[in-house]
Amino acid sequence: MSNPSLLILAGDGIGPEVMTEVQRIIAWYGDKRGLNFDVSEDLVGGAAYDAHGVPLHDDTMAKAQEVDAVLLGAVGGPAYDDLDFSVKPERGLLRLRKEMDLFANLRPAQCFDALADFSSLKKDIVAGLDIMIVRELTSGSYFGEPRGIFTENNERVGINTQRYTESEIDRVARAAFELARKRGGKLCSMEKANVMESGILWRDVVTEVHAADYSDIELSHMYADNGAMQLVRAPKQFDVILTDNLFGDLLSDCAAMLTGSLGMLPSASLGAPMENGRPKAMYEPVHGSAPDISGQGKANPCACILSFAMALRYSFDQGAEADRLEAAVESVLASGVRTADLMQADGGTPASTTEMGDAVIAALDASL
Ligand code: IPM
Ligand code: MG
């Protein structure tokens, strides 16, 4: 049997720096665990624009459709701020999500004990936090038509459309209920059914899916604005949160900061199963390209490394190896080795991106 295939799209800013560390981890799994991957690399975002004049070349899109999983770093940067909307770096990412039909975006927000002091909230509110946000990723106001800037009555009108079909809600709800079943058995669905018809439909469909197939799961519904408030008031009340594309974008950034640093959070974007049974999949850190620190060797590679752990778990059925990698990251943090984003003002010398990678690899070695 051939090795599973990975396409690495490191992208812009700190993307290539953090991905270099992930490549070392991938190599470690080949050397030490006999888990070999066929790795190829290509361009996305500003890097692709510089080379091809588009943020994602058609050939790259075709490769992404072929591989078992895509690992993405980050896209965007100030150099591309003035580009036409259609070729902005973010369009490359959105095209991958849409054309691979990666409808379920899993964004875990876990507070490692060693980092509880870094949260903007009090330690007892976040210590032990472990929630999973499931964000719908291929529809809603990110993609709904009509969209555009038009002229009406001699003035410009900007239009985006919040639109969800039943089947779109149904499939992402099932993905979230399945996760809830493997976790704490609770799911909270968030929308704005008080003001939006799409929210009413969302609530109806989630309720129907629950009644039909998941009545063992404890289901609750919340308006998304209240959800944001509850996330900062008492985040440990949640297990799985299910929400749409735009609310999910906001709520996941909010949940991310509860854990202390955006530099820690991975994500998985999953679609329907392919012929080989694996889901279409892309894994990426939740953080962006961080142009302010790019090229300085300061970036925290943990989110990208933990994204690879999610790939081991969700694409390659290697849950034990994913546990191993997550435990390695956790032990490094507990040992006090940290990048600058996780240092107190008087915390000593921060580790560089490469030193953090070294420490994770040493912890992996120690786990054998
Ligand atoms: C995210 C990002 C993206 C989004 C941007 C980069 C297009 O904020 O993955 O959360 O809005 O979805
Ligand atoms: Mg976002």
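The backbone N, Cα and C atoms fix where each Cβ goes, glycine too.
In TrEMBL, annotation is done automatically, which means it is predicted and not curated.
Not measured: the values here are computed from a predicted model.
In TrEMBL this protein carries:
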DOMAIN    5-360  domain 'Isopropylmalate dehydrogenase-like'
BINDING   77-90, 288-300  NAD(+) binding site
BINDING   ARG97, ARG107, ARG135, ASP225  substrate binding site
SITE      TYR142  site 'Important for catalysis'
SITE      LYS192  site 'Important for catalysis'
BINDING   ASP225, ASP249, ASP253  Mg(2+) binding site
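Here the features listed in TrEMBL are placed on the structure.
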residue: GLY77; record: NAD(+) binding site; contacts (Cβ under 8 Å, 6+ apart): ASP12, GLY13, GLY46, PRO89, SER289, PRO291, SER294
residue: ASP81; record: NAD(+) binding site; contacts (Cβ under 8 Å, 6+ apart): none
residue: PHE85; record: NAD(+) binding site; contacts (Cβ under 8 Å, 6+ apart): ARG91
residue: ARG135; record: substrate binding site; contacts (Cβ under 8 Å, 6+ apart): ASN105, ARG107, THR243, ASP244, ASN245, PHE247, GLY248, ASP249, LEU251, SER252
residue: TYR142; record: site 'Important for catalysis'; contacts (Cβ under 8 Å, 6+ apart): LEU94, ASN245, LEU246
residue: LYS192; record: site 'Important for catalysis'; contacts (Cβ under 8 Å, 6+ apart): GLY199, TYR223, ALA224, ASP225, PHE247
residue: ASP253; record: Mg(2+) binding site; contacts (Cβ under 8 Å, 6+ apart): LEU262, VAL286
residue: LYS298; record: NAD(+) binding site; contacts (Cβ under 8 Å, 6+ apart): THR339, ALA340, ASP341, PRO350, SER352, THR353
Cβ-centroid neighbours of Mg(2+) site ASP225, ASP249, ASP253, 8 Å, sequence order: ALA224, ALA228, LEU246, PHE247, GLY248, LEU250, LEU251, SER252, CYS254
Rounded inter-Cα distance in Å - ALA290 (NAD(+) binding site), ARG97 (substrate binding site): 21
Averaged pLDDT, computed only over the residues in the domain 'Isopropylmalate dehydrogenase-like' (5-360): 96
Assigned element (helix, strand, coil) containing ALA290 (NAD(+) binding site), judged by DSSP: coil
Spatial neighbours of ARG97 (substrate binding site) that are distant in sequence (at least 6 apart) but have CB under 8 A: LEU137, THR138, SER269, MET282
Listed binding-site residues adjacent to ligand 2, that is, members of GLY77, ASP81, PRO89, ASP249, LYS298 whose C-beta is under 6 A away: ASP249
Greatest inter-residue Cα distance in Å for the substrate-binding set ARG97, ARG107, ARG135, ASP225: 26
Recorded positions near ligand 1 among ARG135, LYS192, ASP249 (Cβ under 6 Å): ASP249
Secondary-structure category, per DSSP, in which ASP253 (Mg(2+) binding site) falls: helix
